[in-house]
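Accompanying notes for the structure given below.
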Amino acid sequence: MWLGNGVMKDKMVKICCIGAGYVGGPTMAVIALKCPKIEVAVVDISVPRINAWNSDQLPIYEPGLEDVVKECRGRNLFFSTDVEKHVFEADIVFVSVNTPTKTRGLGAGKAADLTYWESAARMIADVSKSDKIVVEKSTVPVKTAEAIEKILTHNSKGIKFQILSNPEFLAEGTAIKDLFNPDRVLIGGRETPEGQKAIQTLKEVYAHWVPEDQILTTNLWSAELSKLAANAFLAQRISSVNAMSALCEATGADVTQVSFAVGKDSRIGPKFLNASVGFGGSCFQKDILNLVYICECNGLPEVAEYWKQVIKINDYQKNRFVNRLVSSMFNTVATKKIAILGFAFKKDTGDTRETPAIDVCKGLLGDKARLSIYDPQVTEDQIQRDLSMKKFDWDHPLHLQPMSPTTVKQVGVVWDAYEATKDAHGLCILTEWDEFKKLDFQRIYDNMQKPAFVFDGRNIVNVDKLREIGFIVYSIGKPLDAWLKDLPAVA
Ligand code: UDX
Ligand code: ADP
């Protein structure tokens, strides 16, 4: 049964999405909202995650998501742990499972670990009794579709599978907005008549709300590579401006003024030019490492080296921040209380995957600081888990992670910025939450140890105002405080 060519209008199509995470959950909720005649089931092996999707406390914080879920849940949107039943019933199966970076063996530290993907593919082949379209939704290395296709066809018992690549471009914090109004939807498929028909079927789903000229169709490999390329380009802009921020500090230029002036060039544009303590999130680093690995495997070491620099500058920026802080505070933070405002990798999300806060906090803990952390959306449990976890371990399903992580004793987590900063020697802003812009810094100053330091990793505070209050202020890429100028250069 291949749909396409308008067949969908007459038939109740069933979609199943394997993986109820940051991508699968919001994407399927919006498909269900915009396509009331399509039945959408989101399935996951994690019982707590599915229970949360079925409760009033959704497992992820995303502005606007709750309204969408409330409208469709129980109507044509279902969350279930009965993975096999829903895959069996589906016409289209989206796969949105974890693709961690390998931590051992061939390609360790770079290549994607396709264990979860492979087991999902084998299960699809096992339970299917009808032809299906299988859609890659989670980011995967180029040519994954080929591997998946092999697993499916070699185990298919005569059933036909068409593989499509339909990468997700949503950004967290604006996921619902991005899904409602995508810059583009990208669908890659085989260039055979069956492949083209499958593309058409998926196109019809999105055409319920996305203008047709914004739905791009390509071959499979272009779609897979476009996702990696888009994330690499975005991350590269941030590393470029962050590299400039170091030079700004050395020369007295102001990175905000420089990026504004640069971004006014219509060929460059103003977006993604905010200097920061470093980029985080589940995609950028992982996708670039993947790209690097693919380049190396294809005999392109120069290209691999080029993209590696984007990550190196990001690591440099996080180290530079920690070094700047420690050297400003008389070269030691041992036993000093440092308040950390913000732990999520960006504002408007509770997601901490690859957040620069992890590296900054670990750096400060390495120097024996005591940390008091406040983030409006991140729980103590999550912070403790992140600070005790090994690099790359975050991308494994929750139930496979240690249940009771060792508590990092020098870390306290509080639910209020004033509490976090009370009696602190210094405060760091690591996430650009709007509420941090409105804090009463005079009150904070009065309750801190003196000299009181502010290290703004997101350039959100009014530096002049804070200096007037009496703070010693470091703000990424901004002209240095006299206090900091006299210190040896930081690398
Ligand atoms: C990214 C891509 O934007 C999205 O298209 C893709 O589907 C997934 O990866 P996301 O990781 O959710 O989305 O967030 P994004 O807004 O891209 O921010 C990534 C990181 O870069 C954050 O840590 C953010 O704070 C940082 N950033 C962003 C900067 O430091 N400066 C900027 O100017 C922009
Ligand atoms: P993303 O940000 O890409 O959405 P997440 O880690 O948030 O990634 O979500 C991936 C989800 O996929 C997790 O909830 C995990 O439990 C689920 N998952 C992994 N493997 C399987 C599988 N074989 N079957 C069902 N769900 C799976």
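Here the Cβ of each residue, glycine as well, is placed from N, Cα and C on the backbone.
All chains included, 25 other C-beta atoms sit within 10 angstroms of the C-beta of CYS283 (active site, nucleophile). If you look up TrEMBL, you'll see CYS283 marked as active site, nucleophile.
The DSSP secondary structure for ASN98 (NAD(+) binding site) is coil. Residues annotated as NAD(+) binding site in TrEMBL: 19-24, ASP44, ARG49, 97-101, 138-139, GLU172, 283-286, ARG353.
Taken from TrEMBL, the feature domain 'UDP-glucose/GDP-mannose dehydrogenase C-terminal' applies to 339-463.
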Residues near THR101 (NAD(+) binding site) in space but at least six apart in sequence (CB under 8 A): GLY109, LYS110, ALA111, ALA112, ASP113, LYS286, LEU289, ASN290, PHE392, ASP395
Annotated recorded positions GLY19, TYR22, ASP44, GLU172, CYS283, GLN285, filtered by Cβ under 6 Å to ligand 1: GLU172, CYS283
Residues near ASP44 (NAD(+) binding site) in space but at least six apart in sequence (CB under 8 A): ILE18, GLY19, ALA20, GLY21, GLY24, ILE50, PHE79, THR81, VAL83
Distance [Cα-Cα, Å, rounded] between CYS283 (active site, nucleophile) and GLU172 (NAD(+) binding site): 11
For GLU172 (NAD(+) binding site), the number of other Cβ atoms found within 10 Å of its own Cβ: 25
Mean of the pLDDT scores, which run from 0 to 100, over the domain 'UDP-glucose/GDP-mannose dehydrogenase C-terminal' (339-463): 91
Candidates near ligand 2 among the recorded positions GLY19, ASN98, CYS283, GLN285, judged by a Cβ under 6 angstroms: GLY19, ASN98
